[in-house]
There are 6 protein chains.
Amino acid sequence: MPRPDGRTPNQLRPVRISRNWLRHAEGSALIEFGETRVLCAATVEEGVPRWRRGTGEGWVTAEYAMLPRATDTRGTRESVKGRIGGRTHEISRLIGRSLRAVVDFKAMGEHTITLDCDVLQADGGTRTAAITGAYVALVDAVRYLRRQRNLKTNPLTGSVAAVSVGIIQGQPRLDLNYLEDSVAQTDMNVVVTGAGEFIEVQGTAESAPFDRKLLDSLLDLAVAGCAELTEIQKKALTE
Amino acid sequence: MPRPDGRTPNQLRPVRISRNWLRHAEGSALIEFGETRVLCAATVEEGVPRWRRGTGEGWVTAEYAMLPRATDTRGTRESVKGRIGGRTHEISRLIGRSLRAVVDFKAMGEHTITLDCDVLQADGGTRTAAITGAYVALVDAVRYLRRQRNLKTNPLTGSVAAVSVGIIQGQPRLDLNYLEDSVAQTDMNVVVTGAGEFIEVQGTAESAPFDRKLLDSLLDLAVAGCAELTEIQKKALTE
Amino acid sequence: MPRPDGRTPNQLRPVRISRNWLRHAEGSALIEFGETRVLCAATVEEGVPRWRRGTGEGWVTAEYAMLPRATDTRGTRESVKGRIGGRTHEISRLIGRSLRAVVDFKAMGEHTITLDCDVLQADGGTRTAAITGAYVALVDAVRYLRRQRNLKTNPLTGSVAAVSVGIIQGQPRLDLNYLEDSVAQTDMNVVVTGAGEFIEVQGTAESAPFDRKLLDSLLDLAVAGCAELTEIQKKALTE
Amino acid sequence: MPRPDGRTPNQLRPVRISRNWLRHAEGSALIEFGETRVLCAATVEEGVPRWRRGTGEGWVTAEYAMLPRATDTRGTRESVKGRIGGRTHEISRLIGRSLRAVVDFKAMGEHTITLDCDVLQADGGTRTAAITGAYVALVDAVRYLRRQRNLKTNPLTGSVAAVSVGIIQGQPRLDLNYLEDSVAQTDMNVVVTGAGEFIEVQGTAESAPFDRKLLDSLLDLAVAGCAELTEIQKKALTE
Amino acid sequence: MPRPDGRTPNQLRPVRISRNWLRHAEGSALIEFGETRVLCAATVEEGVPRWRRGTGEGWVTAEYAMLPRATDTRGTRESVKGRIGGRTHEISRLIGRSLRAVVDFKAMGEHTITLDCDVLQADGGTRTAAITGAYVALVDAVRYLRRQRNLKTNPLTGSVAAVSVGIIQGQPRLDLNYLEDSVAQTDMNVVVTGAGEFIEVQGTAESAPFDRKLLDSLLDLAVAGCAELTEIQKKALTE
Amino acid sequence: MPRPDGRTPNQLRPVRISRNWLRHAEGSALIEFGETRVLCAATVEEGVPRWRRGTGEGWVTAEYAMLPRATDTRGTRESVKGRIGGRTHEISRLIGRSLRAVVDFKAMGEHTITLDCDVLQADGGTRTAAITGAYVALVDAVRYLRRQRNLKTNPLTGSVAAVSVGIIQGQPRLDLNYLEDSVAQTDMNVVVTGAGEFIEVQGTAESAPFDRKLLDSLLDLAVAGCAELTEIQKKALTE
C-alpha cells in the first residue's frame with residue numbers, strides 16, 4: 001500500500017503556519033498539516049489557578065476541541081452533550097503538558113497562558129498539529145507578556161514540535177493522514193524539543209503488539225520529522 | 001460620534017464569502033462582515049427528528065457557537081461549563097427559523113440539513129453574518145442533495161440575508177460593529193428574503209424605548225442592506 | 001376561520017390580575033389571559049451580580065418556566081433533563097430585558113429584583129402574560145424596596161405591557177390563544193411602555209414571509225392592545 | 001410555647017381541596033394545609049417504563065418540586081443548578097411509593113399515571129399535603145382511565161392521606177407549620193390508608209433520640225389526623 | 001419459606017468489622033453483614049460548610065455509593081450518568097442524620113467529618129451496615145480530632161447502630177438479605193442508639209399496608225438486633 | 001535519595017493478587033502493589049455497543065475510578081461533580097486499549113466484557129496495578145464465557161502486565177510509589193505482553209526533557225518488571 005498522497009515514508013505533508021490569524025488573541029496561528037487545519041489561540045491572563053496562587057509562578061494550559069463538521073461525518077457538539085469526552089480530555093492534557101515542558105514558570109510571574117486549539121478540519125494528526133501550532137502562538141503570547149510586564153528572563157527554555165508515526169504493513173511512516181491512521185498497526189505520537197530531546201512518547205499497539213526494533217525505528221523517524229517542523233516554526237516566527 | 005471605520009450610516013462593512021472552505025461538508029462558507037468571521041458548514045443527513053418521521057418532509061436546523069478567543073477577552077467553553085447559554089440557544093434558534101422560512105420541506109424528502117455556524121472572530125453582527133453565510137452553505141448542500149437524490153423540485157423557495165441596524169445618538173446606522181453595538185440605544189436584527197419580505201424582525205430598546213418613526217427608519221435601512229447582501233450571495237454562488 | 005372563543009379580531013381575552021397571591025414574595029401577581037395562567041413573584045435581594053458590584057446600580061432579572069402539566073401533553077421537567085431548553089432561555093431573557101427598559105438602576109442602589117414567572121396553565125401568550133404580570137409584581141417589590149431603604153427617587157420610569165398579534169388567513173388578530181397561535185402565518189410579540197413606545201418587537205414568519213403593510217397593521221393592533229393592558233395594570237395596582 | 005396559630009395540639013390546619021384546578025390534566029387538585037399550597041396534577045399516558053413492558057401491569061410515579069419563591073427566601077431553581085437535590089428526590093420517591101400502595105397495577109393495564117406535585121407556597125408539611133392532594137388527583141385520573149379504556153375492575157384498592165407530627169417541648173403536636181417544624185425535637189411523617197393501616201412511617205430525631213412511648217403517642221396522633229383528612233378527601237371527591 | 005441461610009427469624013448475619021482498613025483516612029472500617037461489604041472512611045477537615053461558618057460548631061456529613069459490580073448485574077456509574085440517583089441521595093442523607101444525632105457539635109469546634117460509605121458488595125441491608133460501620137470510623141476520627149486539637153469534651157454523646165427488619169409471609173425477620181428483602185411485604189430500617197432510643201424509624205409497606213401490631217413486633221426485633229450490633233461495635237473499638 | 005521503602009532500583013513492591021474477591025462478578029481480583037490497592041471486576045454481558053452490532057465480534061472496555069478517600073486528602077466524587085475528569089477518562093481508555101490488544105474479538109462472539117477498576121487505596125502506580133489486576137479478572141471472565149457459550153477458540157491471545165518506571169536524580173527506578181512519583185523528572189508507564197512485546201509506551205518529561213539513552217534504560221527496566229508481574233499473574237491464575 002503506497003501512501004495515498006504519494007509521499008515517501010519519511011516525508012511530512014505540506015505544513016503551513018499562518019501567524020496572527022486572529023485579531024484579539026495575544027498569539028495565534030492557523031496551522032495546516034496537509035488537509036488537517038487547526039486554529040491555535042494563546043490568551044494571556046493575570047493570575048493563576050487557585051492551587052498555584054502565591055507561588056510567584058505562572059501556568060500554561062490548553063484546551064483542544066473539534067468543530068462538529070471537521071470530520072467526514074458530523075459529530076455532536078460536546079456543549080450539546082453536556083460533557084467533554086475522554087479523547088478531548090486526553091488531548092487537551094497532552095498539549096498542556098507538552099508546552100509546559102519548555103516553560104520557566106518563575107520567569108512568567110503569576111500569569112496564565114491558555115492555548116485554545118480548535119480543529120477546523122481533520123485529516124489525521126490533529127493533536128500533533130495542535131502542539132506544533134500552539135508553540136508558535138505561545139511564543140507570540142510570551143513576547144507580548146515580556147513587553148507588557150518588562151520581564152527580564154525569557155520564560156521559554158526551548159521549542160516544541162510533535163508528529164505522529166506509525167507502522168503500515170510493516171513499514172514505518174511519518175505523519176499519517178486519516179486514511180493511514182485508521183489502518184496502522186501501531187500508532188505513536190512523539191513530542192520533541194528543538195534540541196532533539198523527548199517530552200512525550202505515546203505508542204499504542206492498535207492491532208498487534210510491537211517489538212523493540214520497531215519502536216526504535218519509529219522514534220528515529222519521529223525525531224527527524226520534528227527537526228523539520230522545528231525549522232518551519234523558526235521560519236514562521238521570524239517572518 | 002462618527003463611525004469608527006469611517007463608513008457612511010447606510011454602508012455595509014466589506015463582506016467576503018469564501019465558498020467551500022471545508023472539505024468534508026456538503027456545503028460551507030467562511031463569511032466575513034469586516035472583522036467578524038463565521039465559518040458556516042452544512043451537513044446533509046438521512047432521516048429527520050423523531051417527531052417528524054413518516055411525514056415525508058425534511059428538516060433544517062442550526063447550531064451557533066463561538067470559539068473561546070473569538071472575542072476580546074477569552075470566554076469559557078460551553079462544553080466545559082457543561083451547558084449551553086441562553087444567548088447561544090437564542091441565536092441558534094433564530095438561524096434555524098430564518099432558513100426554514102425559504103425551504104419547501106416536502107421537496108426535500110426525509111433529510112435533515114444542519115447548519116453549524118462557528119464564530120472564529122467576533123466584531124458585532126455575528127448572528128446576521130451567520131444567517132447570511134449559512135444560506136450560502138445551505139444552497140450548496142441542497143444542490144448536493146438534489147444531485148444525490150435526483151430531486152425534481154428545488155427545495156429552496158427563496159434566499160435569505162440578515163443585517164443589524166441601530167440608533168446611535170439619534171442616528172440610524174447599518175451593520176454595527178462591536179464598538180457601535182455596545183453604545184446603541186436601540187438594536188435591531190432584521191432577516192429579509194431576496195424578494196424583500198420580512199422573515200424576522202427583532203428590535204430591542206437597549207436603553208430607551210423607541211417610537212414608530214425610528215422603527216420605520218431602521219426597517220428601511222435594513223431592507224436596503226439586505227438587498228446588497230443578496231447580491232453578494234448571488235455572486236458568490238455563481239463563482 | 002372565526003376566533004375559537006368568539007372574540008373580534010382586536011379583542012383581548014378576559015384578563016385577571018390577582019395581586020399579592022403569594023405570602024413570602026415582596027411582590028406577586030397571578031395573571032390570567034383567558035385560560036393562560038402565570039404566577040409572577042418578585043424577590044428583592046441585597047447585592048448585585050459580580051460584574052455589577054461597586055457601580056452603585058441595581059439589577060433586574062427574570063426566570064420563566066412551565067409546570068410539566070401546564071400544557072395539553074405533559075412535558076419533562078428541565079430539572080430532570082438537567083438542562084434548560086432554548087425556548088426557556090429565550091423567554092427569560094426577553095422578560096428581563098423588557099422590565100429593565102423602565103428601571104432607573106441608579107435609583108435602586110445595589111439591589112437585585114428577580115422576577116419568577118411560572119406558567120401554571122398554558123393556552124398561548126404565556127410570555128406576554130408573564131411580562132404584563134411581572135410588571136405588577138415589580139411595582140410592589142419596588143414599593144417595598146423604597147419603604148425599606150427610604151429611596152427618594154422612584155426606580156421605575158414607566159410601565160410595561162406585552163401582547164401577541166398574528167396573521168390568520170390574512171387577518172390580523174390580537175392576543176392569540178394556543179389554537180390560533182399554532183396556525184398563524186406570522187406571529188409577533190410586542191412589548192410597549194405605558195407611554196406607547198416600543199421596548200421590544202419580535203416578529204417571525206412562521207410559514208410565509210410578510211410584507212411591510214402587514215407588519216404595520218400588526219404593530220397598530222399590538223399598540224392598542226397594550227394600551228388596554230396598561231389600564232388593567234393600573235387598576236390592579238390601585239386596588 | 002403555644003401553637004403559633006392558636007390550634008390545639010391535635011388540631012389540623014384548615015384544609016382546602018380545589019379539584020380540577022387545571023384544564024389539561026386528567027386529574028388535578030390545589031390543596032392547602034393552612035398557608036401551604038401544593039398544586040397536584042395527574043397525567044395518564046399509554047405505556048409503562050421499559051423495565052415493566054410486557055407485564056400487562058401499569059405504573060404510578062410522582063415528581064415533587066418547589067417554585068423558587070414558595071419559601072421565605074428565594075431558592076435557586078433545580079433546572080438552573082442542572083441537578084435535582086437530595087430532598088426533592090427523597091420526597092418524590094415517598095409520594096410515588098405511598099400512592100402505589102393502594103393501586104392494583106394489573107387492573108390498570110399498561111398505563112402510567114404521573115403525579116406532579118408543585119409547591120406554590122410552603123409553610124411546613126409540603127410532602128404530606130402533596131400526598132393527600134395527589135391522591136385526589138389520582139382518583140380523577142383513574143376515573144378518566146376507566147371511562148377511556150372501559151376497565152372493569154377499579155385499580156384503586158383504598159385511599160391515602162398523610163400528615164406530619166412532632167414533639168415540641170415534650171408535647172406531641174399534629175400537622176406542624178414551618179415555625180413549629182424548625183424547632184421540633186422529633187419529626188415524623190406518617191402515611192395512612194383510609195382503613196387506618198400504615199403505608200409509611202418516617203420518624204427522625206432532629207435533636208434528641210426518642211423513646212418508644214413518645215413514638216407511640218405520635219403514631220396515635222397521626223392516625224387520628226389522617227382519618228380527618230380522609231373525610232375531607234371523600235367530601236372533595238363527591239362534590 | 002425458611003431463611004435462605006438457615007438463620008432463626010431474630011438472628012443477625014455474621015458481622016465482621018475490620019477497623020483501620022485504610023491507611024490515609026482518619027478513621028475507617030470494612031464492615032460485613034454476611035455477604036454485604038461496605039467500606040466506611042471518615043475524613044476530618046478543618047472548616048465547615050458556608051451556612052455554618054462562625055458558629056463555632058462542627059458538622060458531620062455522609063456520602064453513600066455503590067461500586068458498579070457490587071450487585072448481581074452491573075449498574076452504570078453515577079459519575080458516568082452525570083447525576084446522582086434518588087436512592088443514593090436518600091441513603092446518604094439518612095446516614096448523615098443518623099450520626100449527627102449522637103454528636104455534640106459545639107465540642108467539635110469548626111471541623112467537618114465526612115463519612116464515605118462505599119458498598120463493595122451488596123446482599124441486602126447496605127444502608128444499615130453503612131450506618132453501623134460509619135459509626136466505628138467516626139469514633140476513630142473523633143479520637144484523632146481530640147488528640148490533634150486537644151479537645152476537652154468528647155464530641156460523641158452516644159453510639160449508633162442500624163438494622164433492617166421485615167415481614168415475610170406474616171413472619172417478622174431480622175436483618176434481611178437481598179433475597180428476603182425482595183419478597184418482604186413490609187420493610188423497615190431502624191436506627192437506634194446504644195442506650196436503646198430511636199434515631200430514625202423508616203417503615204414502608206412494599207405490597208400491603210401494615211397494622212399497629214405488626215409495626216410493634218418489628219420495632220421489638222430491631223431494637224434487640226441493634227443491641228447486639230452495639231456490642232460488636234464496642235468490641236471492635238477496644239481491639 | 002534512597003528508595004523510601006528500602007527497595008533496590010529494579011525491585012517491585014510486594015504484589016498480592018486475591019482472585020474472586022467478589023461474589024457476583026464473572027471475574028474479579030483485588031490487586032496490591034505495596035500500599036496501592038485496586039479492586040478489579042469483570043462483567044460479561046450479552047451484546048455489544050451499537051456501532052459494533054452485527055459484526056459477530058465482541059468488545060472489551062474498562063472504567064477506572066478512585067474512592068474519595070483512597071488518597072491522602074479527600075477528593076470530591078465525580079458523581080457529585082456531575083462530570084468525569086480528564087485523568088479518569090485517560091486511564092479508563094488506557095486500560096481498555098491495553099486489554100483489547102490481547103483479545104481475539106471474533107472468538108468472543110457478540111459479548112461485552114467490562115473491567116471496573118476501583119482504587120480503594122492509592123500509593124502510586126494505580127493505573128499499572130489496575131491493568132495487571134484487570135487482566136486476571138478478564139481471564140476468569142473469559143473462562144466463564146467459554147463455559148457458558150461453549151466457545152471453541154480461546155478469545156485471549158496473550159497476557160498483559162504493566163508497570164511504571166521513572167528517573168529520580170538521574171537514576172532509573174522500577175514501580176514508583178507516590179512519594180517517588182511526585183519527585184520523578186521523567187515518568188513512564190509501559191504495558192507489555194507475556195511474550196515481552198509492547199502494547200503501550202507512555203513517557204512524559206515531568207520537569208526536564210529526556211534523551212534516547214535514558215528512554216532506553218527505562219524501557220529495559222519496565223520490560224524486566226513486567227516479566228516478573230507476568231509470573232505473579234500466572235501463579236494467581238493456577239491457584
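We count from 1, first residue shown onward.
Keep in mind that glycine also has a Cβ here, set from the backbone N, Cα and C atoms.
Binding of phosphate is attributed by TrEMBL to A:Gly125, A:Thr126, A:Arg127, and within the candidate set A:Arg87, A:Arg100, A:Arg147, A:Arg149 the record adds A:Arg87 to that site. The phosphate-binding residues named in the record, A:Arg87, A:Gly125, A:Thr126, A:Arg127, extend over a maximum Cα to Cα distance of 13 Å. Neighbours of the phosphate site: apart from A:Arg87, A:Gly125, A:Thr126, A:Arg127, residues of the same chain with C-beta atoms within 8 angstroms of the site's C-beta centroid are A:Tyr64, A:Ile91, A:Val119, A:Ala122, A:Gly124, A:Thr128, A:Ala129, A:Ala130.
Here the domain 'Exoribonuclease phosphorolytic' (A:11-141) is broken down by DSSP into helix, strand and coil counts: 42 helix, 43 strand, 46 coil. Note on the binding-site residues A:Arg87, A:Arg127: the fewest other CB atoms within 10 A surround the CB of A:Arg87. Sequence-distant neighbours of A:Thr126 (phosphate binding site) (same chain, six or more apart, CB under 8 Å from its CB) are A:Thr36, A:Val38, A:Tyr64, A:Met66, A:Ala70, A:Ile91, A:Val119, listed in sequence order. Within 10 Å of the C-beta of A:Gly125 (phosphate binding site) we count 26 further C-beta atoms, all protein chains included. Using DSSP to sort the residues of the domain 'Exoribonuclease phosphorolytic' (A:159-224) gives these counts of helix, strand and coil: 19 helix, 30 strand, 17 coil.
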